[in-house]
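Asker: Could you have a look at this structure, given as structure tokens, before my questions?
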Amino acid sequence: MKLIQTIKELRAELDGLRKAGKTIGLVPTMGALHAGHASLVKRAVAENDVVVVSDFVNPTQFNDQNDLLKYPRTLDADCALLEACGAAYVFAPSVEEIYPEPDTRRFSYAPLDTVMEGKYRPGHFNGVCQIVSKLFLIVEPTRAYFGEKDFQQLAIIREMVRRYPFAIEIVGCPIVREADGLALSSRNTRLNAEQRQQALQISKTLFESKEYARTHTLEETRRYVENRIDNAEGLRLEYFEVVDGNTLQTVTQWEDSAYIVGCITVFCGEVRLIDNIKYKE
Ligand code: PAF
């Protein structure tokens with residue numbers, strides 16, 4: 001596995017492979033890798049000749065500078081994990097390499113990017129589209145892999161690929177959870193032992209709500225989740241939205257769509273955690 005820090009060097013490596021007809025899988029990450037990322041990389045390795053993993057904490061997608069400063073940076077450990085997963089290249093550029101000048105491009109995919117995270121993190125998805133589109137232009141992958149934990153991000157990237165247009169297959173991969181249900185996230189490392197225990201209530205509530213939903217209306221189920229989180233020790237609900245899985249627009253009745261997902265964001269202390277559950281698919 002090669003660690004590459006410049007666009008020029010990465011392009012030189014990949015041009016030859018592309019000319020030789022090799023398929024290229026890209027797994028964009030911000031590092032601080034865990035088993036969730038490993039599952040994306042392993043799938044990419046199984047489905048492509050060569051896999052590139054980008055490891056770059058993208059400053060333009062952070063609307064909170066404190067969050068950016070606190071984002072864990074663990075390149076050495078990331079490389080060890082990626083080598084074990086079979087990645088061929090780790091692309092870990094500097095901020096100056098990616099943004100030699102400010103990126104003034106604006107991406108707007110309303111209403112996909114104006115709801116949920118878009119409402120609470122203004123500019124976040126614009127930053128995500130800036131970096132992901134740059135990575136797509138640099139790597140020109142055959143396929144790119146994203147986790148379904150960031151459900152809204154995946155929907156927006158699919159839309160960006162459709163509209164740009166990029167000839168890239170976007171592969172969405174299921175959420176990976178700890179044995180006790182907590183969705184894996186790089187932010188989990190910022191939870192202390194007590195918060196880690198409190199955060200469990202998020203996935204537990206979502207799983208129980210799926211059961212509850214069998215015999216209750218959508219509105220009752222939504223209130224069930226909100227009440228459970230509101231009453232949970234150490235948690236503060238930012239939002240829980242039940243949406244159509246394609247349009248991300250709110251649905252109010254189970255009959256409204258064949259694909260219904262509940263998306264939640266909760267603060268555990270100052271750590272912002274997201275999760276989701278598919279009620280219908
Ligand atoms: O999901 C993430 O980790 C990031 O948003 C991504 C897609 C790597 C872009 O920086």
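Backbone N, Cα and C atoms are what each Cβ position is placed from, and that goes for glycine too.
According to TrEMBL, the active site, proton donor annotation covers H37. Taken from TrEMBL, the feature ATP binding site applies to 30-37, 147-150, V176, 184-187. Under the heading beta-alanine binding site, TrEMBL lists Q61. The (R)-pantoate binding site annotation in TrEMBL covers Q61, Q153.
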Asker: If you count Cβ atoms within 10 Å of each one, which of the binding-site residues M30, L33 comes out on top?
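Answerer: Selected residue: L33.
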Asker: S186 (ATP binding site): which of the recorded positions H37, Q61, Q153 is the nearest Cα neighbour?
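Answerer: Nearest in space to S186 (ATP binding site), counting only the recorded positions, is H37.
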Asker: Hey, how far is Q153 ((R)-pantoate binding site) from M30 (ATP binding site), Cα to Cα, in Å?
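Answerer: Spelling it out, the Cα of Q153 ((R)-pantoate binding site) and the Cα of M30 (ATP binding site) are 14 Å apart.
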Asker: M30 (ATP binding site) to the residue listed as 'active site, proton donor': how many Å between their Cα atoms?
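Answerer: Just about 10 Å between their Cα atoms.
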Asker: Quick test of your reading of the structure: among the recorded positions M30, L33, G36, H37, S186, whose CB sits under 6 A from ligand 1?
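Answerer: Those recorded positions that pass the cut-off, since their Cβ is under 6 Å from ligand 1, are M30.
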Asker: Other than its own, how many Cβ atoms are within 10 Å of the Cβ belonging to G36 (ATP binding site)?
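Answerer: I get 19 for this one.
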Asker: Taking the Cβ of the residue listed as 'beta-alanine binding site' as reference, which residues of that chain separated by at least 6 in sequence fall under 8 Å from it?
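Answerer: When sequence neighbours closer than 6 are ignored, the residue listed as 'beta-alanine binding site' has G123, H124, F125, N126, G127, V128, Q130, I131 within Cβ distance under 8 Å.
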Asker: Could you tell me the C-alpha distance between E148 (ATP binding site) and H37 (active site, proton donor) in angstrom, no decimals?
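Answerer: Roughly 11 Å, rounded to the nearest whole number.
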